[in-house]
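**Q** Before we start, here is the structure in question, set down as structure tokens.
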Amino acid sequence: MLSMKNISKVYQSELVETHALREFNLQVSEGEFVVVTGPSGSGKTTFLNVAGLLEGFSQGEYLLDGVDVSSVSDNESARIRNEKIGFIFQGFNLIPDLNLAENIEVPLRYRGFDSKERKRRVEQALEQVGLASRLKHLPPQLSGGQQQRVAIARALAGEPRFLLADEPTGNLDSLMARQVMELLENINQAGTTIIMVTHDPELARRAQRNVQIVDGQVCDFTSYQKSRSTTSTTAEPA
Amino acid sequence: MRNIKPIISSLLRSKSGPVLLLTQIVLSVAIVANASFIISERLALIDRPSGIAEAQVLSFRVYNFDPAMDLRKQNQQDQLILRDLPGVIAATSTNMVPLSGSGWGDRYVDGPDPETAKSLPGFSFYMGNEHMLNTFGVKLVEGRNFYPEEIKMGPAAKSQTALITKSIAEAHWGDESPLGKVVYQQDIAITIVGVIERLQGAWVDSSNFEYSVIQAVDFGGAMSSTTYLVRAKPQDIAQLKLDIPKALHLENPNRVIDEFYTVAEHRGHSYSNHELMAALLSVMIVLLLLITSLGLTGMVMFNIQRRTKQIGTRRALGARKADIVWYFLTENYVICAAGAVIGVVAASQLGQQLMNHYSLPQLAWQYPAVTVLGLFVVTTLAVILPARRAADIPPSLATRSV
């Protein structure tokens with residue numbers, strides 16, 4: 001599904017050369033829920049950006065869904081992001097001037113779906129996150145947790161091969177964080193591969209696999225299976 | 001254009017900037033369309049051919065102060081002297097100078113009975129001898145020039161022959177030839193002996209500017225000052241301005257010879273207000289378009305700054321660079337299209353007001369149409385650069401805290 005071998009990412013300024021990732025190696029299989037943790041500045045976000053083709057890398061080999069994406073063009077990486085990857089951001093990144101349906105439609109329009117198909121996917125995605133009745137609401141009219149669920153719906157609407165989540169609960173209180181985490185677990189159980197960057201040790205413990213990054217390298221690789229019954233113990237969404 | 005619906009939604013939800021820009025576009029369309037129309041009207045007036053060899057025809061005045069002078073005899077003598085000067089092609093005395101802003105006007109009727117006679121269009125009334133046609137360099141398209149024996153002396157002379165412009169003939173007789181027709185100037189019967197292709201009058205703003213008549217009268221000597229016209233090659237004009245006073249003073253030194261202007265110079269002076277207005281309106285159009293395009297560039301740049309994260313997010317979600325450029329162009333086109341529709345209505349209303357108050361013709365539809373097209377081009381140029389800058393915002397910005 002995702003295979004990174006000896007990936008390096010160097011940020012070069014006039015005075016300083018910063019090695020954000022060094023000989024970074026990671027394999028993620030289809031259907032996994034991988035949590036990436038690490039201290040601030042360790043390279044978590046850089047890893048996420050490289051994994052999501054949001055930026056390139058300096059060296060190494062990256063196979064995504066079996067395809068070498070080391071030297072894809074800007075347009076091609078936009079297409080891959082649009083079709084194969086769903087993004088969930090810490091700050092939700094919803095467009096405040098667009099209602100929920102229009103926000104979810106954004107990537108679907110770039111994909112060229114007709115209005116009927118877009119409508120079907122939007123309704124299905126909002127149904128999935130429990131916000132089907134809020135179709136015409138604007139993002140500022142929703143709570144933080146609800147906004148993050150909309151962002152998840154936007155990511156799901158494209159039916160991606162995997163979700164990349166960047167601190168998806170970072171801006172939420174603990175109750176909302178649990179609800180969002182439960183939603184992600186449900187999505188994962190339905191078959192979508194998820195890679196999530198977080199600071200939250202509790203959330204990290206709930207994932208199937210925890211990858212820790214320090215100084216741009218995977219330093220502690222812990223893999224463990226948790227029983228499905230443990231992970232599904234959460235409250236109903238507010 | 002697949003983004004048009006959310007763009008309209010977005011514009012409707014944050015109205016203040018787009019509304020300001022829309023107002024600017026509406027005003028620009030209304031003003032630029034009408035200003036362009038006025039400019040083109042003015043330029044069309046200026047471009048009308050006079051029919052005269054303007055650069056070759058030099059006018060000047062001779063002021064006689066000697067009470068003992070036989071003015072008519074002196075006039076005849078002066079014309080002979082002028083025609084003998086090196087470089088002179090033709091010379092004549094005249095009662096008025098074309099395009100000079102000062103002249104004579106009259107109107108004929110087509111029958112002796114004032115009750116039943118129909119009036120011909122009012123015309124500029126030239127009095128000249130058989131040399132006048134050649135001096136003007138106008139083209140006779142029908143009939144003949146005056147015979148020397150037909151020329152009467154002085155303004156009160158009862159000239160019985162006239163040359164008229166084709167424009168008068170067509171206005172009164174249509175396709176019928178005016179040759180041999182008898183027209184009446186009060187109680188004087190005048191026979192039309194020739195048709196001039198084109199000869200403009202003295203007043204460039206007159207509605208009868210294209211209607212002119214030359215009557216067979218040598219006006220020189222009728223008054224203490226006499227106006228002469230001399231035709232020469234343009235390169236000889238400067239020398240003639242020196243030679244003419246010398247030659248005429250040699251004949252009789254008791255007079256002032258002054259006011260040397262070619263008809264081309266008279267044209268420049270007569271149309272100077274039109275040219276000034278066209279220039280000022282052109283500057284205004286350029287400034288308006290500049291302000292509109294700067295306003296648009298400013299709005300796009302402000303929007304890019306305001307939406308930096310949003311653009312990064314769109315890129316992360318799969319927008320290509322071209323999609324981002326199109327987003328801003330489409331946003332521009334939506335505002336421009338709305339501004340164009342309202343602007344065309346405003347332009348038409350403004351045109352109506354100008355027509356009512358300043359006797360301008362009705363605004364032609366092409367002007368708002370071309371203005372709108374031009375505005376789309378100008379605003380595209382204004383938006384494309386900042387939009388391309390926006391497209392360079394990296395998708396990784398979506399994960400940064402900005």
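In case you wondered, yes, glycine gets a Cβ from its N, Cα and C as well.
As listed in TrEMBL for this protein:
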DOMAIN    B:80-241  domain 'MacB-like periplasmic core'
DOMAIN    B:283-395  domain 'ABC3 transporter permease C-terminal'
TRANSMEM  B:276-304  transmembrane segment
TRANSMEM  B:324-347  transmembrane segment
TRANSMEM  B:367-387  transmembrane segment
**Q** With a Cβ cut-off under 8 Å, give me the same-chain residues at least six positions beyond the ends of the transmembrane segment (B:324-347) that come close to it.
**A** 1, 3-4, 7-8, 10-11, 18, 21-22, 24-30, 33-34, 296, 300, 303-304, 311, 314-315, 363, 367-369, 371-372, 375-376, 379-380, 382-384, 386-388, 390-391, 393
**Q** Residue counts in helix (H, G, I), strand (E, B) and coil for the domain 'ABC3 transporter permease C-terminal' (B:283-395), per DSSP?
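**A** Tallied per class, the domain 'ABC3 transporter permease C-terminal' (B:283-395) gives 98 helix, 0 strand, 15 coil.
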**Q** What average pLDDT does the predicted model assign to the domain 'MacB-like periplasmic core' (B:80-241)?
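**A** Reported value for the domain 'MacB-like periplasmic core' (B:80-241) is a mean pLDDT of 93.
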